[in-house]
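Engineer: A single structure is presented below for examination.
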Amino acid sequence: MGVNIAIFLSCGAFWGFSFTLMRIVMLGGGHPLAVAFWHAATASVLVWGVLWLSGWLPRIDARFIRFAATLGFLGGACPSILLFWAAQNIGAGVISVCMATVPLMQIGLSAALGIERFSARRLFGLILGLVAVWLIADPSGGAAPWFWVVVAALGGFSYACEDSFIAMKRPHDLNSAQILAGMMLFYMIYTAPALLFVDPAVLSLTAPGRVEAAFLAMVPGSLLAYGAFVNLISRAGPVFASQVAYVVTVAGVVCGAIILGESYNVVFWFALGLIVVGLALGLPGGWRPRVAPDATPGGT
């Protein structure tokens with residue numbers, strides 16, 4: 001129980017903090033496509049290097065390639081580009097609130113795909129989440145420009161699609177590090193052609209500063225958050241793991257306020273309250289993790 005809670009809190013904290021780092025990097029002026037590529041390339045080198053040194057390299061076959069290629073789009077290239085793009089224009093706290101709707105979107109997708117049963121309570125929770133996003137993006141008095149809120153929400157929807165795909169198609173002989181390695185490899189492959197059309201410069205090698213420090217912290221931070229989340233699913237089950245959205249939201253809002261000096265209006269706080277209520281209604285069960293972890297070959 002204690003280990004699961006520690007993983008739960010650290011995963012949410014890293015994930016929420018990563019949106020502040022993302023905002024700092026994008027305010028440095030880099031193109032979202034270039035930032036996405038270098039993020040993927042750096043992360044790929046790190047995770048594949050760890051697997052090689054530890055002797056955990058995955059077996060590269062057609063099944064691995066199909067799984068990793070899909071994951072690289074749904075969980076890598078698509079949401080990352082959208083979120084880097086949004087981070088140029090809206091604050092870390094707003095992005096964090098948009099990401100808090102991911103579990104609610106995933107509930108809707110799971111019901112549509114037959115992975116989980118739907119209910120009136122979950123439907124109401126999903127509606128509250130959508131209303132919260134609408135309030136934040138409302139042109140007449142929302143907390144952020146509506147277009148960029150929609151862009152961030154679409155990034156969240158891509159993550160929800162990724163979660164459903166993992167639930168249906170995850171090979172049980174792959175551990176979380178191997179899954180992460182495959183995703184990052186194809187994330188890099190998908191974004192590499194963009195360097196032919198945009199300025200590839202993201203960091204200053206001659207005069208490193210805040211942007212460079214944020215990027216160097218963002219890469220391992222995002223790897224740790226994603227790896228911890230997949231590990232938590234295996235140890236405590238998807239219901240318990242999905243509640244990490246609470247921690248992500250709080251960490252993102254607090255870090256944005258303290259580090260970036262972001263301030264939020266009444267509409268934002270009301271929308272955040274709706275998100276919390278929506279999550280409480282939409283996520284089944286409670287704070288008790290599954291008693292016994294999955295016996296997943298390959299470990300996590």
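Backbone N, Cα and C atoms are what each Cβ position is placed from, and that goes for glycine too.
For 7-136, 147-281, the entry in TrEMBL reads domain 'EamA'. Residues or ranges marked as transmembrane segment in TrEMBL: 7-29, 35-57, 64-86, 92-113, 120-137, 143-162, 174-193, 213-233, 240-260, 266-283.
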Engineer: Can you check how the pLDDT averages out over the domain 'EamA' (7-136)?
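Structural biologist: Here the mean pLDDT over the domain 'EamA' (7-136) amounts to 90.
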Engineer: Please report, as numbers and ranges, the same-chain residues at least 6 past the borders of the transmembrane segment (35-57) whose CB is under 8 Å from any CB of it.
Structural biologist: 25-26, 76-77, 80-81, 84, 175, 177-178, 180-181, 184-185, 187-188, 191-192, 194-195, 200, 202-203, 215, 218-220, 222-223
Engineer: What counts of helix, strand and coil residues does DSSP assign across the domain 'EamA' (7-136)?
Structural biologist: 107 helix, 0 strand, 23 coil
Engineer: Checking distant contacts: for the transmembrane segment (92-113), what same-chain residues at least six beyond its ends satisfy Cβ-Cβ under 8 A?
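Structural biologist: Distant contacts of the transmembrane segment (92-113): 15-16, 19-20, 22-23, 83, 86, 122, 125-126, 129-130, 132-133, 136, 143-144, 149, 152-153, 155-157, 159-161, 163-164, 167-168, 242-243, 245-246, 248-249, 251-253, 255-257, 260, 262, 264, 268, 271-272, 275, 278-279, 282-283.
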Engineer: Which residues of the same chain, at least 6 past either end of the transmembrane segment (213-233), have a Cβ under 8 Å from a Cβ in it?
Structural biologist: 4, 7-8, 10-11, 14-15, 17-18, 21-22, 24-25, 28, 35, 38-39, 42-43, 46-47, 75, 166, 176-177, 179-180, 202-203, 240-241, 244, 300
Engineer: Mind tallying the domain 'EamA' (147-281) by DSSP state, helix then strand then coil?
Structural biologist: 109 helix, 0 strand, 26 coil
Engineer: Cβ under 8 Å, sequence separation of at least 6 from the ends of the transmembrane segment (143-162): give me the contacting residues as numbers and ranges.
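Structural biologist: Those are 71, 74-75, 78-80, 82-83, 85-86, 89-91, 94-95, 98-99, 101-103, 105-106, 108-109, 133, 135-137, 264-265, 267-268, 271, in sequence order.
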